[in-house]
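Going by TrEMBL, these are the annotated features:
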COMPBIAS  168-180  compositional bias 'Basic and acidic residues'
COMPBIAS  189-203  compositional bias 'Basic and acidic residues'
COMPBIAS  223-233  compositional bias 'Basic and acidic residues'
DOMAIN    43-101  domain 'J'
REGION    168-233  region 'Disordered'
Amino acid sequence: MSETDFQTFYSEVKHMEKEDSVYTSDKQLSRLLRPGSTYANLNPFEVLLVDPEDTSETIRRQYKKLSILLHPDKNPDDRDRAQTAFDVINKAYKCLESEQSRAKALEVVEEAKFRVNRMIDEKRKKLKKEKRNEAVEEDDPMKYKHAIKVMTMKLFADYERKRRALEERAQEERKRKREQEIDEEEAKQDEKVFAKNFEESRQNRVNSWQSFSKSSKSKRKDIRPPKHKAETR
């Protein structure tokens, strides 16, 4: 992602955050089901609107707060969409409830921090090279935190795309191997049929030859040489 693309993404997420902070059923349904939410919802911290540093108890309370807003029974006029959103927050909570899956999610956050820090270093080097005595935008703690949040969302999306690509390749490979196995099985079956037919035809040829041989011997026995007649003078 180029600097321009990142800043565009950065601005879009920043704009969305203002609406996401409104805790009403309609706002939360729109947040979790809006276009592009498939990738945005891969980040369990973002789904539950919690910080990676939050405690398990804080995350649990936040999940309960959202689940009340999004429960299908609380949204009888929009039950289907509410059920979909409810499933999204359930999945996110289960991810963060498990120590193993939460650790993996935190690894993505750490990778995002590393990339943001590297990006900031590059900005500073560029300013220094241009002899501009200016601070980078991310020197502001809130903007730094936001940049990490944006990068985290991007990484979750990138990793999911890679996972799907790998799964598709693995599926294609399994399909190719299965087709090869079927071809080999059919070839073996063809060989068996050929061998069987050949054996049957060989036996028929043997039987035919034996019948021919017996018939020939019988005919030779029936043939009598002509009697020699003495010459008369």
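Placed from the backbone N, Cα and C atoms, the Cβ positions cover glycine too.
Remember, TrEMBL labels are computer predictions, not curated facts.
Cβ atoms under 8 Å from those of the compositional bias 'Basic and acidic residues' (189-203) belong to no residue of the same chain, restricted to positions at least 6 beyond its ends. DSSP places the residues of the domain 'J' (43-101) in helix, strand and coil in these numbers: 48 helix, 0 strand, 11 coil. For the compositional bias 'Basic and acidic residues' (168-180), the DSSP-based tally of helix, strand and coil residues reads 13 helix, 0 strand, 0 coil.
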